[in-house]
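Student: OK, Swiss-Prot features for this one:
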BINDING   M92, W93, N94, L95, S136, T137, G138, G139  FMN binding site
Amino acid sequence: MAKVLYVKANPKNNEESRTFRISEHFINEYKKAHPEDEIIELDLYKENIHFLSKEEINTIMSKDKSNLKDHPVLKYTYQFAEADKYVIATPMWNLSIPAILKAYFDYITVTGITFKYTENGAVGLLKNKKAVVIMSTGGEYLTPPFDQWNFASTYVTTMFKFFGVEDVSLIAAQRLDIIGEDVEKRVSDAMKEAEQLAKQF
């Protein structure tokens with residue numbers, strides 16, 4: 001049985017969020033294909049996620065964290081490390097990700113748990129895992145010339161690889177705010193892509 005951590009980074013509900021329409025469809029199809037797996041839903045806007053304080057930074061940078069699994073910050077780090085698969089559902093906001101998702105990555109980027117330093121630099125500790133990033137964008141930022149403005153999926157994908165997760169897929173519904181676009185078709189196309197990926201994820 002695999003443990004899937006489903007991280008949601010949007011204050012909107014499932015019906016209002018175009019991202020969540022896609023990610024919820026992915027999760028539902030995944031459950032059909034993998035009924036034995038455990039899905040852990042983590043809605044960041046329903047958690048006490050905040051910017052790290054000086055005291056919290058000192059704690060997570062301490063050498064011995066083995067007895068801190070219930071710490072308000074480190075509990076998220078250990079939860080992340082213990083998962084086998086990851087689903088990140090996020091919109092692109094202002095060319096990047098919502099601040100709460102960045103704060104979450106600060107929570108889970110902890111040496112000795114998700115990565116470590118060696119004489120050759122940082123090495124990820126989360127090997128043999130996989131992730132999918134589900135994203136919606138108002139414009140088109142995955143292809144030239146505006147791909148260089150994409151600090152959303154590139155950041156999330158890079159963080160996964162920093163943790164050692166090399167198998168990272170991306171499902172993106174783009175151009176959702178472009179005048180004249182058939183938004184429903186673009187969302188529907190992304191849902192179809194999600195449905196196919198869910199079966200083999």
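Counting begins at 1 with the first residue displayed.
For all residues, glycine too, the Cβ spot is worked out from N, Cα and C.
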Student: With the FMN site defined by M92, W93, N94, L95, S136, T137, G138, G139, which remaining residues of that chain have Cβ atoms positioned within 8 Å of the Cβ centroid?
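Tutor: Those within range, site residues removed, are P91, Y141, A152.
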Student: On the three-state reduction of DSSP, what should I expect for M92 (FMN binding site)?
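Tutor: For M92 (FMN binding site) - judged by DSSP and reduced to three states - the answer is coil.
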Student: Based on DSSP, name the secondary structure state of T137 (FMN binding site): helix, strand or coil.
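Tutor: Looking at the DSSP assignment, T137 (FMN binding site) belongs to neither helix nor strand, so coil.
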Student: Highest CB neighbour count within 10 A among the binding-site residues N94, S136, T137?
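Tutor: Checking each of N94, S136, T137, the winner is S136.
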Student: Under 8 Å Cβ-Cβ from G138 (FMN binding site), six or more apart in the same chain: what's there?
Tutor: M92, R175, L176, D177, I178
Student: Grab the FMN binding residues from the record (M92, W93, N94, L95, S136, T137, G138, G139) and give me their largest CA-CA distance in Å.
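Tutor: If we measure all Cα pairs in M92, W93, N94, L95, S136, T137, G138, G139, the largest is 12 Å.
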Student: With Cβ-Cβ distance below 8 Å and at least 6 positions apart along the chain, what are the contacts of G139 (FMN binding site)? List them in sequence order.
Tutor: F146, Q174, R175, D177, I178
